[in-house]
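Notes to accompany the following structure.
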Amino acid sequence: MMRAGLPVPSAASLRARLPPGAELRRAGGIVLRILAGVGGGYAVAALSTTVLSLGLPMQRAEAVLTATMASFAVYAGAVVWAFAARNAWRACAGIAGTAALLVAVLYLLQGHLP
Amino acid sequence: MKEGFRQSMAWLHSWAGLLVGWILFAVFLTGTAAYLRPEISYWMRPELALSRPGPADAEVAVKAMQGMAPNSPTWFITLPSERETTTRVFWREGGGRGRGRGFREAVLDPATGHPVEARETMGGEFFYRFHFQLHYMSVLWGRWIVSICAMFMLVAIVSGIITHRRIFADFFTFRPGKGQRSWLDGHNVCAVLALPYHLMITYTGLVLFMLMVMPWGIDRAYPGGRQAFNAEAFGSAPPRPRANTPAPLAPVLPLVEEAQRRWEGGRVGRIVVANPGDANATIQLVRADSERISYNPQSLTFDGPTGALIQDSGEGRPAAEVRGWMYGLHIGRFAGPFLRGLFLLSGLAGTVMVATGCVLWAVKMRQQAAKKGRVGFGTRLVEHLNIAAIAGLPLAMAAFLWANRLLPVGMEERAAWEVHVFFIIWGLCFVHPLFRRGRQAWVEQFAAGAAAFALLPALNALVTQRHLLATLAEGDIVRAGFDLGLLACAALLGVLAWKVARHQPATARARRPAPKAALMPAEAAE
């Protein structure tokens, strides 16, 4: 049940029972998740906006509006993922993987653009 | 696994909410007040007479602009409506240097076209602006900060929903007088009751500034700039260049009648005149916000000298319309009195939701601290900020209205000083809890707010002719209703002060079993 990096609300009461190194790992895990969620999440949202703006099969302005309006849902989803993943490394890997996928799609899209 | 997920969502919910809770509270409360922007502005200019919009308003306004700003490249005229009894104009300053940057504005009497003789004030505009761009900082910074807070809010809402497995049961659960549990129940009721509203207002708020905070799509798809985007998305015609040949402007009244005919009785809300007095002038008539949910302007553009119709932009494409709907839903100007009342109540529910969330956090910390035997700096800081942000803001808003009535009418920088008074009083509310600990500070700030609101109608009667008896007799429902609303605010704050004063903290009555208190955020999930 207790895994390093999992933020637990009642941390203060549990802290006493953890071995000394675990406290540090727990804090580090939270920092990683915050970085993945806030920074990585914004990157994923920005990339998805760009990809959808260029790739959605509709008029250009419509695609931009649709993509940009949806971006906040993408961002919120990324943040939730960053804090829901089983451990901090999985959180980072998920965000980084999604970003890499989006970059690849963007590359392909731009290859096909006139 | 399941339990871990829900617990981490509870953690995310409480931190995302707390970190920006105080700004969110201010944004929610002033944003709720902004639903009454025209009414507040009207009350704050007691010199204005009660008037009704008439058919000649447009003609009078255009004549006035020809007198005031004949060389301006663009006039923007907002006509009076049922809620707004003045004509508001602003224009770009001319002077032959092409696109001048300076804007000037004026408030006109719709009947005469002269600037109204009223005290200088920002009126309801202050709350409206503050709620999306704050104050004492650049507009851009303020908008970024508020947008970031809105994103936190969205995350707090989503993680809050995930945390609350029993979302519908919670709706019917209220256990008053049970300390922390009551705060939790109160928080849940306010959150769930108006959940669609909270989600809507937060998401649409983000959409309003989306091209600022998320410019990556538009910048990549339109490398040449945003004018091409505006033309494609909203059908806005590119501005016609100045011909530099003088030509008189066609009478505007027939154009207004034409617009009403095309919109089947719809009303013109705004008039935009480009290059007035030039052969290439255009007159754009924009339909009033109050008539459609979508904010995408339905507009007719006419040739200035001849009055011939150039462009009729109606419904946009789907995504543009969705954005227009989001915009319109957020500002709520389409809403009639009943729906506006519901918006107001939902906004208040959101305000209470944020406030109870912040208080709940402090109560929980306090209980954990009681077990450890000492209260940390963090807990004290949160408690302190809660008092000043939550109880102090209504008092500061009342002070703003007091300043409106008490500052001398001819004073230099009068409108700015009204705002300074608001922030001075709010600032004092942040100092006050240093001297009066905990509950006393809450009670005193709520009570001061209640007194300030309760005495406003009396002050109003002392210093203006627009007191409650006069406005009721005159049938000036807006001013009379505003005075009554101030009394309602006073009653609400009074009840809060009274409740807090006679509240017995749970720890003082009986020591609660420890494990329950420790698992607080997850409790909601059960």
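Including glycine, each Cβ sits where the backbone N, Cα and C put it.
TrEMBL labels come from automatic prediction, so no person has curated them.
Note that this is a predicted model, so its numbers are computed, not measured.
Some features that TrEMBL has for this protein:
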- B:12-36: transmembrane segment (TRANSMEM)
- B:144-168: transmembrane segment (TRANSMEM)
- B:189-213: transmembrane segment (TRANSMEM)
- B:342-363: transmembrane segment (TRANSMEM)
- B:384-403: transmembrane segment (TRANSMEM)
- B:415-434: transmembrane segment (TRANSMEM)
- B:446-464: transmembrane segment (TRANSMEM)
- B:484-501: transmembrane segment (TRANSMEM)
Check the transmembrane segment (B:446-464) against the transmembrane segment (B:342-363) for contact, please; criterion is three or more CB pairs under 8 Å, pairs 6 or more apart in sequence.
no
Other same-chain positions with a Cβ less than 8 Å from the transmembrane segment (B:342-363) and lying at least 6 residues past its termini are 14, 17-18, 21-22, 24-25, 28-29, 31-32, 35-36, 156, 179-180, 183-184, 186-187, 190-191, 193-194, 197-198, 201, 332, 335, 379, 382-383, 386, 389-390
May I ask for the residues of the chain that lie six or more residues beyond the transmembrane segment (B:415-434) and have a Cβ under 8 Å from a Cβ within it?
120-122, 126, 135-136, 383-385, 387-388, 391-393, 395-397, 399-400, 402-404, 407, 441, 444-445
